[in-house]
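Single-structure report; data block below.
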């Protein structure tokens with residue numbers, strides 16, 4: 001009759017009524033919870049019906065609804081050891097087998113271990129359902145029309161098994177008047193329950209306030225932690241950005257230095273090339289002058305050696321000398 005009792009930490013009134021026809025009613029706070037014949041709920045008498053002792057379950061009766069599938073076979077690679085030696089772990093350098101014994105790698109869980117193989121189940125074609133033992137009237141049953149009747153009641157015993165503490169039983173009445181029992185229960189319940197409900201409400205509200213306060217503190221703590229983490233993330237991001245900026249500045253500086261060095265090298269190279277170009281022009285002019293002089297000499301070989309020819313030679317020499325001098329000055 002565990003369903004009779006309510007676990008709400010409040011007082012309750014339980015009422016048992018025995019009728020002259022051996023029927024009973026059990027109420028919890030004026031609400032009927034159990035009703036019927038007394039002997040059906042308690043073993044005061046031997047049972048009316050019993051299992052037929054002359055009938056046994058048939059030997060061929062199959063009450064297994066499911067059986068292992070005979071066609072289901074265990075895979076060839078199923079059986080694997082549960083643990084393996086971890087061969088990745090090497091023997092420590094300071095391991096002394098004389099003192100520490102023979103070294104073995106530690107064990108590790110085998111990732112391929114699948115446990116014990118169990119074949120899948122299928123519906124049993126021979127299943128006949130649950131076997132129900134036939135019942136017969138109990139030949140030893142004897143009814144007692146006065147089962148409800150007790151001439152002398154000197155005490156009340158309560159037998160109960162429970163795991164909750166602080167249970168109290170009080171305000172017990174035994175009477176042959178249902179109205180008197182109801183009035184007594186009303187006085188007891190109303191006088192006790194109102195104070196209990198008020199006290200319980202105050203305690204529940206207090207607990208609710210404390211839980212709400214605790215929840216808010218936890219939320220505030222989480223928000224604060226999130227804010228701190230956010231600040232740390234922002235700080236880290238700023239540090240990263242600063243480092244990146246510094247790196248960019250350093251890279252830019254290196255690029256500028258490289259460009260400056262390149263420009264300096266380029267300028268020097270251009271000067272050297274310009275000098276070489278001037279030298280090449282000078283050599284070319286000299287070669288042209290020599291070539292022109294050679295042509296003039298060849299053309300004048302047929303001429304007679306006279307004063308006019310000498311004058312021309314002198315003049316040509318003067319012109320060449322002037323041109324050579326002009327080139328040197330320009331250079």
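Using N, Cα and C of the backbone, Cβ positions are placed for all residues, glycine too.
The annotation compositional bias 'Basic and acidic residues' is assigned in TrEMBL to 195-256 (among others). Helix, strand and coil counts under DSSP for the compositional bias 'Basic and acidic residues' (195-256) come to 62 helix, 0 strand, 0 coil.
According to DSSP, the compositional bias 'Basic and acidic residues' (266-298) comprises 33 helix, 0 strand, 0 coil. Taken from TrEMBL, the feature compositional bias 'Basic and acidic residues' applies to 266-298 (among others).
Residues or ranges marked as region 'Disordered' in TrEMBL: 195-312.
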